[in-house]
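Listed features, source TrEMBL:
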DOMAIN    26-450  domain 'Ammonium transporter AmtB-like'
TRANSMEM  25-47  transmembrane segment
TRANSMEM  59-81  transmembrane segment
TRANSMEM  136-156  transmembrane segment
TRANSMEM  163-188  transmembrane segment
TRANSMEM  200-218  transmembrane segment
TRANSMEM  230-248  transmembrane segment
TRANSMEM  260-280  transmembrane segment
TRANSMEM  292-311  transmembrane segment
TRANSMEM  317-337  transmembrane segment
TRANSMEM  358-383  transmembrane segment
TRANSMEM  403-428  transmembrane segment
Amino acid sequence: MSTPPGAYQPDLPAVPPWLNKGDNAWQMTAATLVGMQSMPGLVILYASIVKKKWAVNSAFMALYAFAAVLICWVLVGYRIAFGDKLLPFWAKGAPTLGQQYLTGRARMPETTHFFSDGTTIESPMHEPLYPMAAHVYFHFTFAAITMILLAGSVLARMNIKAWMAFVPLWLIFCYTVGAFSLWGGGFLYHWGVIDYSGGYVIHLSAGISGFTAAYWVGPRLKSDRERFPPNNVLLMLAGAGLLWMGWSGFNGGAPNAANVAAPLAVLNTNISAATSLLVWTTLDVFYFGKPSVIGAVQGMMTGLACVTPGAGVVQSWAAIVMGILAGSIPWYSMMILHKKSTFLQKVDDTLAVFHTHAVAGLLGGLLTGLLAEPTLCSIVLPVSNTKGAFYGGDGGMLFLKQIVAALFIIGWNIVATTLILLAIRLFIPLRMSDEQLMIGDDAVHGEEAYALWADGEKYDPARHGWHGSSSPPETTQTGFVNGARGVTISL
């Protein structure tokens, strides 16, 4: 009889009795999918959805955040979010770099939930059937995408040095608070609040903190605010596609197991995204007379953000309801309410992260309080008999809890983000200089996205020159060069 391959021999130290290979494989796959939402998904999306002169800077802000968050996460961040309790909303920070810690069974020490008597265990400590390294990396990808989503509010004017300082501070003092409170065994977790995969921890936090940051950093140049066309719509769609498909790992990995909740969450995620995209596009057609590709992408995002807090605890018909509301309420807040509000117009939220993530994430959290199905809740939640208000009984209490949790996340993010930025402002200007804002990438990085002259760069004959002429040709107001429609210069 032949000896089985090494990985399948009994009693291997690399395969301890508690390890479930299916759960382990799925968690690593899900983590990779979520990581690809940021790298390269949002890097591509940000680089292409902005004006050409900001393509490099926007992509670099996402790239830097991804790398910086990972190092901060393993040095201290993970255990502030999922370690031993220090405060009701914060855990004790420590490195997660030791071999013994990372190869041991994953565990969240503060997730043991007791009945009201304080001594009888209602649900045991959450210990997934895979190594701690898989859990650390999976939740790093969540932290990274939150940071990058926030960046969308301050693109095209935030000082890159200020951003480099902001990323680790916001991760430690803002993101970890929501993560521990709702996921790691903090007070909202034990109170029974549902945030299945980050409607509050990620989307509401990113949207509120992004809007707050946009207020303190200040606006883009007036010319950029008035005219900010994407430099590559097709590449933008490629980035959006990576974001959408990666969401299967985002919500499918949240149960920390390849159980029945995972595929349901994946299906609900896609149903909500598709429904929201169609509703947003339909509203664009009725209101503006034609569909918008950028609008379709925004509708996709709001559908994904809205279903996230309840993807694994609502039925699929509820995912359609969520998609309908996600495609209409954020659309109204962005297209109608925003134009009527002096304050909303004053704050220059570059990619409308407030509408696509804060409004959509809040909406999803509240809808989860209404639509959470009792049997599905029992699969993934620590508090027994949890159900949405739609299912009667004491379900209305869950809706109230969802409101309170949202208010806590909103309040903490406003205050913490403000304090972080005011502290940074003492040492580093938050906004680029006007000269840098006029030129863009070439002034900030000494690099350009495309080997073409236009869109903000100062003309230098020694560098740019003109083919077949010693002087630049006449440029019409339409942007055509000497009547040749194939060459366009943005004025």
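Backbone N, Cα and C define each Cβ position, glycine as well.
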Contact set of the transmembrane segment (136-156) with the rest of its chain, CB cutoff 8 A exclusive, min separation 6+ beyond the ends, reads 27-28, 30-31, 34-35, 37-38, 42, 46, 50-51, 54, 57-58, 61-62, 65-66, 69-70, 73-74, 77-78, 81-82, 96, 102, 163, 167, 170-171, 175, 179, 198, 201-203, 205-207, 209-211, 213-214, 217, 220, 224, 228, 250, 253, 349-351, 353-354, 357, 437
Decide whether the stretches the transmembrane segment (403-428) and the transmembrane segment (260-280) have at least 3 CB pairs under 8 angstroms, with pairs required to be 6 or more apart in sequence. no
Contact between the transmembrane segment (25-47) and the transmembrane segment (317-337) (at least 3 Cβ pairs under 8 Å, separation 6+): no
With pairs 6 or more apart in sequence, are the transmembrane segment (358-383) and the transmembrane segment (163-188) linked by at least 3 Cβ pairs under 8 Å? no
Which range wins on Cβ pairs under 8 Å with the transmembrane segment (230-248): 59-81, 200-218, 260-280, 292-311? 292-311
